[in-house]
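Following: one structure in structure tokens, then a few remarks.
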């Protein structure tokens, strides 16, 4: 049991390091651009920062959604221990993505965000996805699970429309080559399709078990 706990701690440490590596690299490159005027972030550093943080937010969201199917396929219940962590990191990257847009793109004129939301559909869906993530991040603790009881599960089903909105945000943002957003859309469709199939299978199994036995002839 102790060995298993050590393994989980080691795995969580590795996940923390892997997930924080992209933002650490981005921070270092931003510092180089800011202090030395280097081209570490390409010709458009602001666009590069927004792209990378948004992409990692989407990736981590999809990885979070993949935890349940992976647990069901492998039988490894320990995978559930990583779901909350990955979901919070998805929110973290989404928040950095939004902050970069407000601070670097709008240059602090944050009131413009409301004009942008009205004018640009991809910003509308992206901002909506972030807003929906906020209550999920706040209520991700054990304390909130106890307070909300069954409503906790209902609330956290928002992760599904959030995934759809995030993919749509990326799809509308890309102007020409849609191969990358199409790939993420396909992954999301697979993850949601798996859940639908499992739910329908469970209903059929329940219906078979609850059906009355056939009448025996007299």
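Yeah, the Cβs are placed from backbone N, Cα and C, and that goes for glycine too.
Remote same-chain partners of the transmembrane segment (14-34), defined as residues 6 or more beyond its termini with a Cβ less than 8 Å from a stretch Cβ, comprise 40-41, 45, 49, 52-53, 56, 60, 82, 85-86, 89, 93, 96. According to Swiss-Prot, the transmembrane segment annotation covers 14-34 (among others).
The transmembrane segment annotation in Swiss-Prot covers 60-80 (among others).
What Swiss-Prot lists as transmembrane segment is 86-106 (among others), and the listing cites sequence analysis. If one looks beyond the transmembrane segment (86-106) by at least 6 residues along the same chain, the residues whose Cβ comes under 8 Å of a Cβ in the stretch are 15, 19, 23, 46, 49-50, 53-54, 56-57, 60-61, 63-64, 67, 112-113, 116, 126-127, 129-130, 133-134, 136-137, 140, 159.
Among the features that Swiss-Prot reports, transmembrane segment is placed at 121-141 (among others), with the record citing sequence analysis.
Annotated transmembrane segment per Swiss-Prot: 155-175 (among others), in sequence order, evidence recorded as sequence analysis. Non-local neighbours of the transmembrane segment (155-175) in the same chain are 54-55, 57-58, 61-62, 64-65, 87, 121-123, 125-126, 128-129, 132-133, 135-136, 139, 148, 181-182, 184-185, 188, 191-192; each lies 6+ residues outside the stretch with a CB under 8 Å from one of its CB atoms.
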Chain residues in Cβ proximity to the transmembrane segment (121-141) (below 8 Å; excluding those fewer than six residues from its ends, i.e. six or more beyond): 54, 84, 87-88, 90-91, 94-95, 98, 113, 148, 152, 155-156, 158-159, 161-162, 165-166, 168-169, 172-173
